[in-house]
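Right, one structure below, let's go through it.
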Amino acid sequence: MEDLDEIVREFLVESHENLDQLDSDLVALEGSPESRELLSSVFRTIHTIKGTSGFLAFGKLEKLTHAGENLLVELRDGRRSMDLPTTDVLLEMVDGVRSILQAIESTSTEGDVDVAPTVERIRVVLEQRDQVEETPVPDPTPAPEAPADPTPVAEVAPPVAEPVAAPAPEPAAEPAAKAKAPRKIRAVKRPAAAKAPAAPSVEATVEPTPEPTPTPEPAPVAETPAAKPTPAKATPAKAAGNESAGEPSRSAADASIRVDVDLLDALMRQVGELVLARNAITRLADDSAGSDLVRASQRLSLIASELQEGVMKTRMQPIEHVWSKVPRMVRDLAAACDRQVRLEMVGGDTELDRSLLEAIKDPLTHLIRNAIDHGIESAVDRTAAGKTAQGLLSLRAYHAGGQVVVEVTDDGKGIDHERVATKAVEKGLRTPQQVAAMAPAELLQLLFLPGFSTAEAVTNVSGRGVGMDVVRTKIEGIGGTVDVDSSVGKGTTWRLRIPLTLAIMPALTIVCDEQLYAIPQVSLVELVALDAQTNESSIEYIRSAPVYRLRGDLLPLVDLREVFGSGPREEGVRTVIAVLQADTQRFGLIVDRVLNTEEIVVKPLSARLKSIGLYAGATLLGDGRVSLILDVQAIARRSMAGEIGEAERGSRASATVEAVETVQVLVAGVGDGRRVAIPLSAVTRLEKIPATAIEHAGGREVVQYRGSITPVVRLGSSYGMAVAEDDELTVVVYTRGARSVAIVVEEIVDIVDDDAAKHYDLGDHGLMGSTVLKDRVTELLDIQSAVVAVDPYFFTDVEVPSQHGPLDPDDINSPAAGRGALVGV
Amino acid sequence: MSRQLATFVLDGAHYGVDVLHVQEALRSQVRTPVPVAPPGIAGLVNLRGQVVLTVDLRVRLGLEPLAPDAEPMMVVVQVDGEPVSLLVDEIGDVIDVEDSQFETPPDTLDGGLRDVVVGAYKLDRGLLLALDVDAATAA
């Protein structure tokens with residue numbers, strides 16, 4: 001009984017694999033109905049299942065596959081060609097087989113699956129054909145492919161692949177073969193020679209063989225040796241030549257064994273432990289002087305690495321395993337959504353850890369559904385848009401930078417980011433102001449928000465509002481990322497980046513506040529060491545936000561100590577900036593020290609600590625200590641949150657500036673090496689006045705300028721900086737209507753073009769942001785708030801009749817701000 | 001009905017947890033602190049290759065947190081299928097207690113304590129406070 005169960009299980013496993021293959025083969029067959037390879041592959045699969053089910057006494061299964069086989073024989077023999085009803089009924093049969101197999105798996109019996117209707121439908125299809133019988137036979141087109149070749153392949157291959165038992169010979173196949181033999185030879189004569197030069201010889205040798213032994217069992221012993229020399233050679237040649245789907249797995253059967261996945265998982269865990277033990281030994285050996293120990297540890301290290309690699313390989317599977325279901329799915333979806341879709345799959349041999357394969361299955365399915373349902377337009381729309389009626393859906397997988405990238409691309413209508421914005425506002429996910437300030441690429445990111453779906457109508461395929469956020473959650477759950485590119489009218493590309501494996505990953509170990517932490521290497525872009533001398537000068541502050549100029553670009557900095565709320569580090573200590581990439585943003589994490597890169601084994605973190613959201617897991621270091629793995633994305637999100645708010649404000653402000661790509665600004669020093677940029681439109685004159693000219697009126701500093709009392713704005717002091725009491729003050733006069741203010745700066749540096757696109761949103765009250773001008777971080781002065789601080793009515797246009805002192809807010813102001821013209825120094 | 005409690009001493013008082021919860025008791029090990037963790041989380045320890053969370057029961061019980069140089073003992077308990085290590089002063093015996101000896105905590109008990117102490121067993125040598133492991137280890 002045990003043995004039988006074993007056989008049944010083998011049968012199930014193998015049949016499931018074969019069925020997946022069958023699905024793709026059948027759909028492929030529809031595209032190229034004359035492919036002998038595909039036909040033989042399909043036939044072989046069904047034949048094998050039928051044979052084994054007869055052997056194992058699964059009557060229904062046998063009956064169903066038998067009916068299917070009858071149909072396939074006709075196809076194979078070229079008496080019918082593949083058409084839609086045939087494919088449908090064959091797929092239905094495959095589904096039937098699948099449900100029976102499922103029943104067998106769960107109950108060990110065939111269950112109550114009713115095969116009769118399917119069998120009946122197959123019979124109907126067969127009979128329909130019979131009415132128009134024989135018509136294609138004289139027609140040379142279907143004949144050349146099918147006739148001669150499949151027969152030997154079908155007859156010979158099963159015994160080779162199926163060491164179990166010679167499946168009961170086919171009563172159906174046999175007469176068919178016999179009946180056709182004469183016709184075949186006739187047909188072969190002409191076109192085969194022209195078509196495939198290699199084929200005729202095969203056919204010639206094989207053709208006679210079935211004939212001597214047609215009546216009883218095809219006696220594998222007798223037949224195979226006879227036929228062997230030629231077909232044995234011919235089959236591999238063909239396999240190498242133009243068929244890659246079914247053949248290799250079969251011929252590889254002898255060279256591979258099935259291994260329980262649990263066993264592999266256990267092995268992987270143990271290798272993980274070994275890697276940790278290796279790390280420990282390496283650390284000990286480094287500390288000791290004994291050269292023997294060092295040598296032994298190096299050897300151990302080498303072996304452990306190789307073993308780790310080997311075990312990891314055993315868990316690797318080509319992504320094809322997931323893709324094998326795609327052709328069928330695409331076919332069904334395309335039919336359901338009334339689309340014409342051509343599927344292209346590139347890089348199916350890209351390998352991934354099987355647990356990851358499992359995890360990307362659903363997201364991938366989702367993306368494909370989306371691409372067909374929302375991406376690719378109907379044939380009519382496509383033609384109207386000047387595209388081919390048939391849409392293209394392509395799946396691509398490839399290795400890039402220690403990750404596997406899987407792309408799902410369609411050439412459909414693309415995603416309109418404007419509509420995404422509208423939708424996000426409609427659903428209350430973002431405010432209109434927020435979306436107005438977002439770049440198109442950012443808008444597309446909104447698709448990943450929970451509760452977002454742009455489908456206008458809910459179809460049974462997709463558009464229920466659960467979607468991309470689930471995809472993202474799943475992919476992030478396995479340490480991957482997902483992003484999207486789209487151009488309206490051209491198509492959309494979804495890109496999944498997935499780590500090669502979950503269990504072991506390279507990480508950078510760093511020190512912060514005496515404790516060790518690990519940063520996953522995938523997030524690390526580069527390291528910048530700051531020594532004590534340059535420390536002070538190279539980290540610049542925009543108010544309280546530290547930034548670092550990395551090759552001319554401002555890099556926002558996050559101090560890990562601040563994230564952790566630990567005390568400030570001592571003065572003058574060397575620190576390191578780890579430049580990290582999180583989602584779309586790049587930032588520098590200031591750490592105390594960097595140790596080294598190490599292979600770490602990710603240990604799950606207690607659920608109680610997950611809520612903190614700073615740690616991706618924990619690991620054990622060489623000395624046995626526990627170390628936390630930092631979640632770079634979470635740190636970015638957490639630390640940038642405050643800045644994002646500001647960024648939103650900033651980008652809204654700069655959105656108005658953006659209309660005028662470049663603006664001329666006056667760059668002025670305001671003391672302490674800080675520079676501000678004042679829009680030239682707010683500069684009327686530059687003047688030098690003696691410090692003594694400053695008088696006081698009502699607690700404010702004023703100066704007599706051109707006969708009126710003008711309030712003084714000290715940029716230095718308003719930014720909390722002490723201004724040296726020079727003898728002469730440099731002032732920027734800003735006149736608006738009849739009112740003026742004098743802005744005191746330390747020095748005038750230059751007038752430059754400022755590109756609004758390069759603005760950073762790092763800023764503070766009174767500033768609109770910052771930018772790099774003439775290689776220096778320069779703050780963008782918010783002229784309005786600076787002026788209003790000393791003259792609250794400067795920009796109001798209220799007409800007040802009585803004319804008091806100039807300090808009073810009575811002057812009539814013209815509404816157009818910034819009309820001033822530069823007069824000169 | 002009687003049940004078995006594993007007992008330990010914390011700040012002079014005796015506490016007990018159901019023995020079925022307890023996985024093992026051992027000396028304290030090097031703990032890795034977890035920055036930004038809620039109070040009462042004393043860090044992570046390496047328990048034979050497994051990363052285990054440790055909880056400073058003193059904080060949970062409203063006592064002063066553990067002195068940095070203290071060498072507490074660890075009682076590893078299973079909570080929701082996950083091991084959690086409790087830091088205690090001293091490990092006691094496993095004792096049998098009767099339901100008849102049990103009494104719910106008096107109303108005068110401090111609020112914080114009331115969450116984690118389900119009641120007291122009146123033993124001959126003093127009171128044994130029964131600890132609610134789930135509440136005591138909840139983050």
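Positions of Cβ are set from backbone N, Cα and C atoms, glycine also.
If you look up TrEMBL, you'll see A:1-104 marked as domain 'HPt'. The annotation phosphohistidine is assigned in TrEMBL to A:H47. If you look up TrEMBL, you'll see A:126-253 marked as region 'Disordered'. According to TrEMBL, the feature compositional bias 'Pro residues' maps to A:137-150, A:209-219. The annotation compositional bias 'Low complexity' is assigned in TrEMBL to A:151-165, A:190-208, A:220-240. If you look up TrEMBL, you'll see A:180-189 marked as compositional bias 'Basic residues'. Annotated domain 'Histidine kinase' per TrEMBL: A:297-502, in sequence order. TrEMBL lists A:504-641, A:662-792 with the feature domain 'CheW-like'.
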Seg_contact(the domain 'Histidine kinase' (A:297-502), the domain 'HPt' (A:1-104)) with at least 3 CB pairs under 8 angstroms, min sep 6: yes
DSSP-derived class (H/G/I helix, E/B strand, else coil) of A:H47 (phosphohistidine): helix
Per-region confidence, the domain 'Histidine kinase' (A:297-502) (mean pLDDT, whole number): 80
DSSP helix/strand/coil residue counts for the domain 'CheW-like' (A:504-641): 29 helix, 75 strand, 34 coil
Secondary structure composition of the domain 'HPt' (A:1-104) [DSSP: H/G/I, E/B, coil]: 89 helix, 0 strand, 15 coil
